[in-house]
Amino acid sequence: MEAGEGKERVLKQRQVLLFFVLLGMAQAGSKPRHYSVAEEMESGSFVANLLKDLGLEVDQLAARGPQVVSKGKKMRLHLDRQTGDLLLNEKLDREELCGPIEPCVLPFQVLFENPLQFFQAELRIRDINDHSPVFLDKEIILKISESITPGTAFLIERAQDLDAGSNSLQSYTVSPNSHFHLKLQDSSDGVILPQLVLNKALDREEQPEIMLTLTALDGGTPPRSGTALVRIEVLDINDNAPEFAELLYEVQVPENSPIGSQVALVSARDLDIGAYGEITYVFSQASEDIRKTFQINAKSGELLLRQKLDFESIQNYTLNIQATDGGGLSGSCVVFVQVIDLNDNPPELTMSTLIKEIPENLQETIIAVFSVSDPDSGDNGRMVCSTQDDLPFFLKPSVENFYTLVTNRALDRETRAEYNITITVTDLGAPRLKTEHNITLMVSDVNDNAPAFTQTAYTLFVRENNSPALHIGSVSATDRDAGANAQVTYSLLPPQDPQLPLASLVSINADNGQLFALRALDYEALRVLEFGVGAVDRGSPALSSQALVRVLVLDANDNSPFVLYPLQNGSAPCTELVPRAAEPGYLVSKVVAVDGDSGQNAWLSYQLLKATEPGLFSVWAHNGEVRTARLLSERDAAKHRLLVLVKDNGEPPLSASVTLHVLLVDGFSQPYLPLPEAAADAAQADPLTVYLVIALASVSSLFLFSVLAFVAVRLCKRSRSASLGGCSVPEGHFPGHLVDVSSTGTLSQNYQYEVCLMGGSGTSEFKFLKPILPNGLVQDTEHD
């Protein structure tokens with residue numbers, strides 16, 4: 001559905017753009033407006049106000065982005081966007097722009113960019129009388145035979161006036177004389193030609209030479225004038241005038257012909273002989289351009305080039321050539337020179353509108369508006385515009401060789417931020433000439449990319465008891481956008497567990513994503529800390545992303561072993577009873593300890609530091625079991641005090657010690673004799689504590705006795721009663737023969753103890769506590 005809406009939106013945009021292009025073409029095709037200005041007006045002079053003709057208000061004009069466009073690169077007009085006044089950019093010389101052409105009209109267009117529209121107009125340049133008539137020859141020589149009859153007219157060289165209309169050449173006058181009067185004749189092209197008409201016959205012997213002053217006047221106010229000296233040489237009679245073989249010569253000359261090359265060869269014939277038959281060839285009624293471009297050999301009639309021809313300036317020339325013999329008679333012919341165009345001008349590109357930077361993600365955006373021209377003709381002047389095929393741009397033709405450069409899809413700055421566009425204009429001549437115009441287009445950034453973390457989840461390690469404000473790691477996110485859109489700010493996200501005081505545990509540097517532990521962490525209290533971090537850019541609207549951070553707290557050896565048994569709470573010490581008949585390896589007690597640390601920091605080992613009688617007892621290093629090391633004898637003291645050290649495997653190791661009191665008894669019926677130290681301590685203990693200890697000992701003794709009796713009855717019923725030395729069982733039934741004591745604390749094995757009552761003993765003593773060990777453990781014990 002979204003794709004369909006996108007296509008519909010693009011279609012509407014294209015329809016609107018096509019509407020404005022057609023509107024511009026319609027405006028361009030309408031009848032142009034006409035304005036006029038006198039030549040030689042100063043730069044900045046007012047020409048006209050276009051607001052009414054454009055149909056706009058002053059406040060609308062600037063928003064439409066108008067500009068004046070004309071052919072060629074030279075802009076002679078500009079439009080004031082604030083007032084709508086059309087002003088001159090420079091002085092205009094009508095004669096330079098149009099030459100003899102009248103009226104002198106310069107077409108121009110007013111281009112609106114928003115929306116695209118063209119307004120056609122023409123500026124007529126009015127002539128002022130700024131040129132005087134000029135005779136190209138300051139001295140005009142006429143050779144007239146004395147045999148010429150009165151009434152004969154002699155055509156003389158006319159004056160040149162660059163002005164036009166009423167300011168152009170209007171009349172001639174000649175100085176007063178008795179032989180000639182002036183007659184003006186209008187030619188077919190509207191030029192006034194002066195003629196001297198003979199009033200009376202000449203007499204060479206009376207006056208061989210006559211000097212006249214010819215004055216040319218224009219129609220300006222005040223009128224301007226120019227003069228030339230007419231020198232008339234009176235000749236002897238000559239009755240044959242030169243005659244050309246052809247009255248019209250037509251030649252074609254390529255515009256690249258070298259200087260000095262022959263254009264044509266004219267030839268005239270005179271039937272007279274001698275001086276009257278010698279012919280001289282000269283230009284007749286030739287303009288300044290003709291005299292600069294061609295020269296003629298006076299003797300041979302060969303027409304040569306003086307400068308290179310330019311088809312784009314002048315396409316043809318009409319030359320009048322006069323052949324005069326020695327007697328003053330003359331004949332004339334016309335040479336029509338047609339300049340053949342060559343492809344010697346590359347196309348020209350004039351940029352009207354250029355956008356150097358556009359935001360990304362825009363569809364069909366106009367980048368430039370330009371026009372192309374080629375002063376050549378035919379195929380040499382036909383042009384083709386193109387751009388690179390691998391770029392997302394295309395050229396759309398408009399009116400009168402105008403083109404628009406448009407994007408054909410949305411641009412993505414992250415894919416490409418800069419485009420170098422080359423517009424190539426090629427003509428169709430031979431050889432083909434081309435012009436290239438380079439445009440550098442920058443694509444500005446739009447916030448269309450969210451920050452992306454380098455990892456979706458980060459795992460950081462920190463050892464417990466760290467110093468506050470410790471840098472524990474960093475997170476990093478990158479944004480493919482640029483500028484403020486790529487500036488990333490980091491933050492902690494609210495934890496999922498509202499009870500977790502995340503803000504008091506860690507912090508994050510908003511600029512670089514560095515994470516800090518705000519306080520010392522305790523492995524035993526918090527082993528894993530998980531929280532989310534967010535990265536937000538500074539675009540509008542802002543985009544964001546998230547990542548998971550998992551902080552693992554590493555254990556440090558900061559907890560000493562804690563002894564669970566025997567209790568060391570300041571109350572009366574617990575005394576372990578050992579029968580003197582106990583065999584080596586007899587389990588006296590077991591020290592049970594734990595360590596709040598983990599790993600090797602919690603691996604505990606046990607060591608007997610001090611004993612009343614060294615060598616009598618030993619402590620297993622791995623499980624804390626205290627056992628007899630040898631057989632007991634009557635000589636051994638009854639009371640023993642053992643100091644056991646419990647040490648972990650940390651670095652540095654931590655330890656704790658516990659004191660164990662052992663009393664050797666002949667049998668369990670022997671009264672319990674407290675150690676002197678214990679009695680002294682008990683006397684000082686709180687009475688209530690003493691009572692509690694006594695009660696606990698009594699209950700424990702009864703329970704232990706019941707269990708032992710039950711086990712003894714079961715054991716005596718077994719087949720191996722003989723090996724136990726004839727164990728007799730008291731009256732009553734004791735179920736079971738084994739007690740299974742599971743390991744606690746750091747013990748790694750289960751132990752079974754065999755108990756039975758000694759037969760034939762009046763005191764009913766036990767043969768007590770013979771452990772039944774697993775095979776492997778027994779072997780290890782023997783090695784120890």
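The backbone N, Cα and C atoms fix where each Cβ goes, glycine too.
Please treat TrEMBL annotations as automatic predictions, because they have not gone through curation.
Quick look at what TrEMBL lists:
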type     : residues : note
SIGNAL   : 1-28     : signal peptide
DOMAIN   : 77-135   : domain 'Cadherin'
DOMAIN   : 136-244  : domain 'Cadherin'
DOMAIN   : 245-349  : domain 'Cadherin'
DOMAIN   : 350-453  : domain 'Cadherin'
DOMAIN   : 454-563  : domain 'Cadherin'
DOMAIN   : 578-673  : domain 'Cadherin'
TRANSMEM : 690-713  : transmembrane segment
Secondary structure composition of the domain 'Cadherin' (350-453) [DSSP: H/G/I, E/B, coil]: 4 helix, 54 strand, 46 coil
Listed stretch, out of 77-135, 136-244, 578-673, that has the most CB pairs under 8 angstroms to the domain 'Cadherin' (454-563): 578-673
Helix, strand and coil residues within the domain 'Cadherin' (77-135) as assigned by DSSP: 5 helix, 29 strand, 25 coil
Averaged pLDDT, computed only over the residues in the domain 'Cadherin' (578-673): 87
